[in-house]
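Since the structure comes first, as structure tokens, the remarks are kept for the end.
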Amino acid sequence: MDGVTMEVGAVAAMRYMKDGIRAARLVMQHTKHTLLVGEQASAFALSMGLPGSTNLSSSESLGKWSKWKENRCQPNFWQNVVPINSCGPYHPRDSLDLTKGACSKAKLMETIESRSSLIGLHNHDTIAMAVIDRMGHLAVGTSTNGATYKIPGRVGDGPIAGSSAYADDEIGACGATGDGDIMMRFLPCYQVVESMRLGMEPKLAAKDAISRIARKFPDFVGAVFAINKNGKHAGACHGWTFQYSVRSQEMDDVEVFTVLP
């Protein structure tokens, strides 16, 4: 997102394409759209010259997937459903007569997981970044592989402007990470920037955005960082300890800041 022009480019649900963030920028630069998804997003990226047909699986990810299958596809993001077999297909629980043995009550209960057990430090990989150039202009970008064990077709908060990131040259910027399915319902980064527009300092704006989510979803896990146009920054989190890093022209190296819930 360009904080000067408020232009946004985003892609989601691309397959076989490694450079999602580059594809998103190409959407912003070479189309009048904001978001492209699925196979056509991959086709667009290829037409713009990005390398494609890349096998994005690794030995680690294949190993995790195999163990997950062996564990009857648990945990997962389904709710209020009954699996016909250990890994689905799934159907609404009210549509099946459980008394006829279609599925045991134990299997039904296995589909109910707390959200905090699905989202954590080791099962998602969002990167959100805000930059201020020498002219004082702001921009943000977000890249993610999504949530581990997600339902096919799921789009998280990464490509949603105002949720995973937001920037306005006149005010400041924000980046977010965590349980994107919950966080995107609140557009926390848009909220952070608008709170700073109303005069809040970055620290209070970040805390306010997180507290709005926590009031409705007390077991959610997530964090935001906020930075104003003058470079003052802060973070806020819920459900975990959050770290973000900062580098400026005057600094010899990156400095890591730790935020407690």
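Cβ coordinates are placed from backbone N, Cα and C, and glycine is handled just like the others.
Just so you know, TrEMBL annotations never went through curation; they're auto-generated.
Taken verbatim from TrEMBL:
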type	residues	note
ACT_SITE	Thr126	active site, nucleophile
BINDING	Arg154, Val155, Gly156, Asp157, Thr177, Gly178, Asp179, Gly180	substrate binding site
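Spacing of Thr126 (active site, nucleophile) relative to Thr177 (substrate binding site) is 6 Å (Cα to Cα, whole number). Listed binding-site residues: Asp157, Asp179. The one with the lowest count of other Cβ atoms within 10 Å of its Cβ is Asp179. The Cβ of Val155 (substrate binding site) lies under 8 Å from the Cβ of Ala12, Ala13, Val37, each on the same chain and at least six residues away in sequence.
Long-range Cβ contacts of Gly156 (substrate binding site) within its own chain (separation 6+, distance under 8 Å): Thr144, Gly146, Ala147, Lys150, Ser164, Gly180, Asp181, Met184. In this structure, Thr126 is the one among the recorded positions Thr126, Thr177 with the smallest number of other Cβ atoms inside 10 Å of its Cβ. The Cβ neighbour count for Gly178 (substrate binding site), using a 10 Å radius and every protein chain shown, is 26.
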